């Protein structure tokens, strides 16, 4: 029987922090609360952006895409993690592991490009305001969003295939909370240098290039905002861009730490916590950052609540 056929019938054990059982209850509470807030916050942004005509703009179109992405992103991992924490057998089927790997990778890569597109949208809105409606028309917004999703899923197909082709030789203990490429590569019984080099190259492509373009965009944005004479106008521009910049720092900072640092045995547990941060905490914080700092979203939410009460 081939290694691939052996793998199909195998259950993987997700170790997480099983060697520290005292952490399980606090982690369960954190994961559950974060997941509930993520579902509620992102669903609220999607509903408000779709139902309020004042938010039918490119900025909120991309924000809706980000919220949908974060909903799927967390749902691909958190429910299984909650089940495993409550169970004595912390297992996941081979098919479930493959699905987790593919979806988490696809949506993570999509978010890398989507945040870059959102920064481009802010650049055009602030630095080219008179041409904004011409440049960011509906068709172009759809094309940019589609390019992000297609790029993310295409990369996931390739990277997942390369990872799953590695022979495991009976190894089934994944030293992580969910199935992620670095954790699965450690199970292989052959040399993974080529796979690690490929992962590093893809990480540079999907992380460093977008974040470099974002920083360049914001350099021009800051210059343009400082030229605005109105203090209210500067405050509004910095408020809108500040929300996006916080999300960028949280997501790219943790992802770059995870994928672009040399592997080290001493950073094993730290890597788990970092991956939990960009996989669970960041999707929960995104809607809070965008709503608490955005008067338009808060106003649209109040109008929606009033409409529901009156009806």
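Every residue gets a Cβ built from N, Cα and C, even glycine.
Unlike curated records, TrEMBL annotations are generated automatically.
Remember, it's a predicted structure, so these values are computed and weren't measured experimentally.
Range 141-158 is the one annotated as transmembrane segment, of 141-158, 159-176 (source: TrEMBL).
Between the stretches 60-78, 79-97, TrEMBL puts its transmembrane segment entry on 60-78.
The transmembrane segment (238-260) makes contact with the transmembrane segment (98-120): 3 or more of their CB pairs lie within 8 A, with pairs spaced 6 or more apart in sequence.
Averaged across the domain 'G-protein coupled receptors family 1 profile' (41-290), pLDDT for the predicted model comes to 85. Packing against the transmembrane segment (272-292) from elsewhere in the chain are residues 16-17, 31, 34-35, 37-38, 41-42, 44-45, 63, 66-67, 70-71, 73-74, 77-78, 104, 108, 175-178, 180, 243, 246-247, 250-251, 254-255, 257-258, 298, 301: each is 6 or more residues past its ends and has a CB under 8 Å from a CB in it.
In terms of C-beta pairs under 8 Å, the stretch of 60-78, 98-120, 141-158 lying closest in packing to the transmembrane segment (200-226) is 98-120.
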